[in-house]
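Lifted from Swiss-Prot, the feature list:
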| type | residues | note |
| --- | --- | --- |
| BINDING | Ser9, Phe10, His17, Gly88, Leu89, Arg90, Glu98, Tyr122, Ser123, Phe124, Val125, Ser126, Ser127, Ser128 | ATP binding site |
| BINDING | Ser9, Lys41, Val73, Lys87 | substrate binding site |
| SITE | His17 | site 'Transition state stabilizer' |
Amino acid sequence: MSGAVCPGSFDPVTLGHIDVFERASAQFDEVVVAVLVNPNKKGMFDLDERIAMIEESTTHLPNLRVESGQGLVVDFVKSRGLTAIVKGLRTGTDFEYELQMAQMNKHVAGVDTFFVATTPQYSFVSSSLAKEVASLGGDVSALLPSPVNRRLQEKLNG
């Protein structure tokens with residue numbers, strides 16, 4: 001059985017992330033979305049909210065589950081008996097950074113990383129951009145799953 005981790009902070013999860021999850025889900029028997037905690041970063045959504053939004057947005061993927069994690073992604077992968085990391089790439093800048101991380105993960109723990117080129121319609125989408133546009137009153141419904149857009153609007157409108 002093959003399994004992979006899709007790691008990230010997902011604050012919040014976007015349709016670009018969901019696209020990567022769907023494509024990973026088609027290639028691996030098991031996919032774990034690892035919602036990572038960065039103690040040095042205060043997000044808009046807390047960990048439980050981020051997990052809930054991903055779960056609500058991925059009910060159509062029966063071989064996917066969502067968990068929280070901290071520390072090295074390779075430790076998360078190994079502790080769950082999984083074999084790979086899947087990362088989406090939007091730009092060449094993403095590739096340069098992620099390639100370096102992939103090589104380190106292979107060196108440190110023997111874990112392979114699979115890169116998924118972003119579907120063109122999502123190549124500009126990021127969590128930060130969606131939050132910024134929404135905070136300025138812009139429509140981000142084409143960037144976020146419906147449950148996420150609803151929660152984002154609730155957060156912003158208090």
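Heads up, the Cβ atoms here are built off N, Cα and C, so glycines get one too.
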Any idea what DSSP makes of Ser9 (ATP binding site), helix, strand or coil?
coil
Least Cβ-packed of the binding-site residues Ser123, Ser127 (other Cβ atoms within 10 Å) is Ser123
Would you measure the largest Cα separation among Ser9, Phe10, His17, Gly88, Leu89, Arg90, Glu98, Tyr122, Ser123, Phe124, Val125, Ser126, Ser127, Ser128 for the ATP site and round it to whole Å?
18
Long-range same-chain neighbours of His17 (ATP binding site), Cβ under 8 Å, sequence gap at least 6?
Cys6, Gly8, Phe10, Ile54, Gly88
Cβ density check for Lys87 (substrate binding site), other Cβ within 10 Å (all protein chains) comes to 22
What count of other C-beta atoms do you get within 10 angstroms of the C-beta of Ser9 (ATP binding site), across all chains shown?
17
